[in-house]
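See structure below.
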Amino acid sequence: MGCGMSTEEKEGKARNEEIENQLKRDRMQQRNEIKMLLLGAGESGKSTILKQMKLIHEGGYSRDERESFKEIIFSNTVQSMRVILEAMESLELPLADQRVEYHVQTIFMQPAQIEGDVLPPEVGNAIEALWRDAGVQSCFKRSREYQLNDSARYYFDNIARIAAPDYMPNDQDVLRSRVKTTGITETTFIIGDLTYRMFDVGGQRSERKKWIHCFENVTTILFLVAISEYDQLLFEDETVNRMQEALTLFDSICNSRWFIKTSIILFLNKIDRFKEKLPVSPMKNYFPDYEGGDDYAAACDYILNRFVSLNQHETKQIYTHFTCATDTTQIRFVMAAVNDIIIQENLRLCGLI
């Protein structure tokens, strides 16, 4: 009698082989799938990086998608002017030209969320006239004393185009639009052989308790810091310096037991605003041990060292880049460098280098 395998045994062996093959496929896929967590304090530029990934790696925004940004851009623009006008009241700064006073009422009459495909002409005219006023400009220069959207000046400078009846948001308009991130958003894109799953979590303090759900099997952390905010206070706690908050947060992430083996890439972001601010808002006023005056390179080195020196693990390397998240050309270059870093890290973890 032969000792061939029974049908049941053959089926069992086939099942085992299929399971083994599936596990191999899963391991291969896992090696090629990069789970990247975007972290950083509120308004550090995380959502802007995600928009850049869509522009660079997903063919950009369709006409319908651009249309959907209109109301956000209109609302951002009107709300920014309202914030300045309210700050003028609290700082007791008058309009230079009282003839534009009626435009102030136009702005205050607008709802928080502007709806519609076209910005009402009287609103566009009001913003254009007020932005030219020397009193408004004077208040704008003191924007570190209140909470003003980073994109305010950009939208004000472009108000004639934004208020035009045939307006269609361009890439910069979309990149600079601001909606507070709540919860967790995921974006998937492919660079070379790697599939990236990038998670953006809300940066405000109230959102941070939700991060824990993203911690498992994270390949890389991309941590963003708005270095231009060295002289500003938190939106949610106006007793805390934004840069100090970012340092505290980076310390807790960099040295967390969850991330001992996770590579960390640090984007020191908003370098354009930082460069503009240094000559008019001395960094030494907020960081007394800083001795570099308004020298841009010295200030960059100081901030970089403040963050990197928080790393308590000798074997852990922090990869750093100075960035302007709204500059698509620069972000394309930086993300290519990030991709190279991740490939090297992957090879190291697999024991291939």
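Keep in mind that glycine also has a Cβ here, set from the backbone N, Cα and C atoms.
What Swiss-Prot says about this protein:
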type	residues	note
LIPID	Gly2	N-myristoyl glycine
LIPID	Cys3	S-palmitoyl cysteine
COMPBIAS	7-26	compositional bias 'Basic and acidic residues'
REGION	35-48	region 'G1 motif'
BINDING	Glu43, Ser44, Gly45, Lys46, Ser47, Thr48, Asp150, Leu175, Thr181, Gly203, Asn269, Lys270, Asp272, Ala325	GTP binding site
REGION	173-181	region 'G2 motif'
REGION	196-205	region 'G3 motif'
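The secondary structure of Asn269 (GTP binding site), as reduced to three states from DSSP, is extended strand. Taking the binding-site residues Ser47, Thr181, Asn269 in turn, the residue surrounded by the fewest other Cβ atoms inside 10 Å of its Cβ turns out to be Thr181. Residue counts of the region 'G2 motif' (173-181) by helix, strand and coil are 4 helix, 0 strand, 5 coil (DSSP-based).
Cβ crowding, taken as the number of other Cβ atoms within 10 Å, peaks at Glu43 among the binding-site residues Glu43, Asp150, Asp272. DSSP classifies Ser47 (GTP binding site) as helix under the three-state reduction. Mean pLDDT of the predicted structure over the region 'G1 motif' (35-48): 89. Note: Gly45 (GTP binding site) has non-local neighbours Leu224, Ala226, Phe267, Asn269, Lys270, Thr323, Ala325, i.e. same-chain residues 6+ apart with C-beta under 8 A of its own C-beta.
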